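Copied from TrEMBL, the annotated features are:
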ACT_SITE  Asp152  active site
ACT_SITE  Asp455  active site
BINDING   Lys122, Glu123, Asp152  UDP-alpha-D-glucose binding site
BINDING   Lys289, Asp313  Mn(2+) binding site
TRANSMEM  29-47  transmembrane segment
TRANSMEM  59-80  transmembrane segment
TRANSMEM  566-586  transmembrane segment
TRANSMEM  606-630  transmembrane segment
TRANSMEM  650-675  transmembrane segment
TRANSMEM  687-705  transmembrane segment
TRANSMEM  717-736  transmembrane segment
Amino acid sequence: MEGLRNCTTSSSTASTPTFHTLRQARRTALNRVFAAIYSCAILALLYHHALKLIHSTSLASFFISLSLFISDIFLAFMWVTQQSFRMTPVYRSEFPEQLKQVVNESDFPAMDVFICTADPYKEPPISVVNTALSVMAYDYPAEKASVYISDDGGSQITLFAFMEAAKFASHWLPFCRKNNIVDRSPDAYFASNQPWCSETEKIKEMYESMIIKVDDVLERGKVADDYITGEEELTAFTKWTNGFTRQDHPAVIQVLLDNSKDKDISGHLMPSLIYVSREKSRTTPHHFKAGALNALLRVSAVMTNAPMILTLDCDMYSNDPQTPIRVLCYLTDSKIRSTLGYIQFPQKFHGLNENDIYACEYKYMYIVNPLGMDGLSGPDYEGSGCFFCRRAFFGGPSNMISPEIPELNPHHVVVKHIQSQPILELAHEVAGCNFGTGTRWGYKIGFKYGSLVEDFFTGYRLKGEGWKAIFCNPKRPAFLGDVPISLVEVLVQCKRWTIGLIEVIFSKYNPITFGTKTIGLLMGLAYAHYSFWPSWSIPITIYAFIPQLALLNGVSIFPKVSEPWFFLYVFLFLGAYGQHLLEFILEGGTIQRWWNDQRMWMIRGLSCFLFGSLEYFLNCLGISTTSFNVTNKVVDDEQRKKYEQGVFDFGVPSPMLVSLTMSAIINLAALVRGLTEAFMGRKLEEMFVQLFIAGFVVVNSAPIYEAMVLRSDKGRMPIKTTVVSIFLALALYVLFRFTVRN
């Protein structure tokens, strides 16, 4: 970024305008006071549990008291770690228009964009094409931009889709530029209410023609000869031989557009577009997405070596063509540039139904918590919508680690043409499956190995090396992505995160031991809060079953309404939920979405957190139960209709639904039995807390009851799941009753 550095230095002497500002959230002082008060209440609760344990009169009462004590210890730990996000939340603003008045486009740094895809049948190629086209159309010098598509499935269908995209781009890019279009994803643009004209109709026809071709190839499962139009395309597809499989194939690198020579129909240069499928072998670990990103990091270093890198999920298209200029507002600041590792934009989504029934917005993870981390050393890397300084992948700010060959050095200047034979040969070499084996790649250099959540782990490790980060959250979302719209897909995605987070906990980089020492107490606790997400399954499972089973057996385990300890429970419950609701609403949420967010935390605790933890420990015992699963982004019309209507889809059988259904059955039975006993036996005062908990779970389980009893569509709870759940619920009741009586 030498040109940019020189420009910044020279302009600073002439009263450089402000490119960005920072302000602390007004609620900061209130957060700190409340944290002190609430901490005292937690200590009082744990003291109360200790007293009950000491004065237990039977094995059953000891077991119940111990269970609640353990549960509340985990709840207390998660609450304490969450306070790290509330101590110094900040808000930032950027002024890209002022930057463009000072910095010339010729001084902008080069930019490489990484887009990863792995399966054309789960990640529709047209969706990936839209993501690529939206960033190719950035308001950024085309000769300084290169887009790399990582196809980890090694599919000729994906390559064909991008060959067609390269042709369409020659019309789409000048159309966006000429008409000053903001929605530069074709799908988003044509779905919006834009002024229509003959030129628009022509572009739309071209786009629909491309879709038809790609969908036809996808349906056939291969690229037919009638779609191959040139010698270069024919040569590219000859690499797919009979022995070519997604798990075992050579590296394929195809330059589809070259920003030094390829022009659109108006005569302007277009960004480079490069297809990359790294070499894979069944005998060599491939490290999932982190391995694919490291292959892109090496290949791009050889071909373009841009100092600025944007990583994007394949379904996360650009929603603002000014985004790279917004990033430069920070990269031009000499006060922070030397330690600035990355700039993270929040993940936001289009197509969410009105009330976000599956809580896929993740407002806390993508908005509220990053605001808090930004007041410390910066947000975590969220896997998409993140601009990196390439230098950050090669050691800390003051101790650079040199890669194996000089061409991979972040300061190396590429002088040879992108399509020259030496460049292509070296690119294929560094994309080889054995290139990084036994080296520092993935451990000291590049995206970090060791966890299925490579984004979380990479951001965490970069902070440990001394890099800072910035959370950039403009009013117009910089990127918009798709969300899973069936419950099972949501849970499968979260189960993968669970396994990856537990891998971090049981590594030498545990945030409690390693993190607090290297990145400070508050940042260490922030990363610990994420890492220990799976532990939510412990208190949620205990509170979903123990009080209700005790209620079914007429055993009171909480203070009476007339006792002082009762008001402690009331304060702890209302305080936690009230603060959470306030933060949710302040960041643009609604009460209904907040309620669904709370419901989904209960569901995750009883399903994906629980089963993900179980899978991890079974794997540790040598029992293989899991593999990396790509979230399915293909949606059928019936599924979409149910989602838009706000109807839960339980129609896909899964063991994770059994625990949910068991909880719903036991809580409903406990509520009915408890209400009967309370009013007939006048035990409402001593059973009130247990009745409240059972009622709370029953209200949140309304979609489960509906799916079990009322529905007859494909989203109905599978009969087998219901039968198994009833049997297990009865067995659990009998076991608990036997324990209490003995």
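One-based numbering along the chain as shown.
Note: Cβ is positioned from N, Cα and C throughout, glycine not excepted.
At the 8 Å Cβ threshold, with sequence separation of at least 6, the transmembrane segment (566-586) lacks contact with the transmembrane segment (717-736), having fewer than 3 such pairs. A Cα-Cα distance of 15 Å separates Lys122 (UDP-alpha-D-glucose binding site) from Lys289 (Mn(2+) binding site). With respect to their backbone Cα atoms, Asp455 (active site) and Asp313 (Mn(2+) binding site) stand 11 Å from each other. In this structure, the C-alpha atom of Glu123 (UDP-alpha-D-glucose binding site) lies 10 angstrom from that of Asp313 (Mn(2+) binding site). For the transmembrane segment (29-47), the residues of the chain that approach it from at least six positions outside its boundaries are 69, 72-73, 76, 79-80, 83, 86-87, 89, 568-569, 571-572, 575-576, 579, judged by C-beta separation under 8 angstroms. Cα separation, Lys289 (Mn(2+) binding site) to Asp152 (active site), rounded: 8 Å.
Here the C-alpha separation of Asp152 (active site) and Asp313 (Mn(2+) binding site) works out to 13 Å. Set side by side, the binding-site residues Lys122, Lys289 differ in how many other CB atoms lie within 10 angstroms of their CB, and the most is found at Lys289.
Counted over all residue pairs in Lys122, Glu123, Asp152, the record's binders of UDP-alpha-D-glucose, the longest Cα to Cα distance measures 13 angstrom. With a cut-off of 8 Å between CB atoms and residues at least 6 apart in sequence, the same chain places Ile115, Cys116, Thr131, Gly383, Ser384, Gly481 near Asp313 (Mn(2+) binding site), listed in sequence order. Of all the Cβ atoms in the protein chains shown, 24 others lie within 10 Å of the Cβ of Asp152 (active site).
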